[in-house]
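Beneath this line is the structure, given in structure tokens, with notes to follow.
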Amino acid sequence: MAFKTCGFSKKWLVIAVIVMCLCTECYCQCTGGADCTSCTGACTGCGNCPNAVTCTNSQHCVKANTCTGSTDCNTAQTCTNSKDCFEANTCTDSTNCYKATACTNSSGCPGH
């Protein structure tokens, strides 16, 4: 007795796997867009990047490790021209660098 797979063939399975891999790759980097919540790698010019590791000219980068020209960089370790870098070790032209040990033209730095 043969087992029928509801009309799916190996060809469709291969296509589905390729599409899945391509979509997964898209989550790594996002460029532009109002909502990049699915991006986990890098955001550039995005409006909402709460899960990205790296943010450039983006907003709401609450989990980013590195921020450049971005906002809400709450946990970033390195901030350049960014806002709300509460945990940053290094701040350049950034704001609210409360724990920074190296500050250049930034606000909120300890001892400044």
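Backbone N, Cα and C define each Cβ position, glycine as well.
In Swiss-Prot, the cysteine linked to CYS49 by a disulfide bond, out of CYS43, CYS67, is CYS43. For the pair CYS43 (disulfide bond) and CYS36 (disulfide bond), the Cα-Cα distance reads 7 Å. In this structure, the C-alpha atom of CYS97 (disulfide bond) lies 8 angstrom from that of CYS103 (disulfide bond). Within the same chain, the residues at least 6 positions away from CYS30 (disulfide bond) whose Cβ sits under 8 Å from its Cβ are CYS36, SER38, CYS39, ALA42, CYS43, THR44, CYS46, CYS49, ALA52, listed in sequence order. Sequence-distant contacts of CYS79 (disulfide bond), defined as residues of its own chain at least six apart whose C-beta falls under 8 angstroms from its C-beta, comprise THR66, CYS67, THR68, CYS73, CYS85, ALA88, THR90, CYS91, THR92, SER94, CYS97, SER106.
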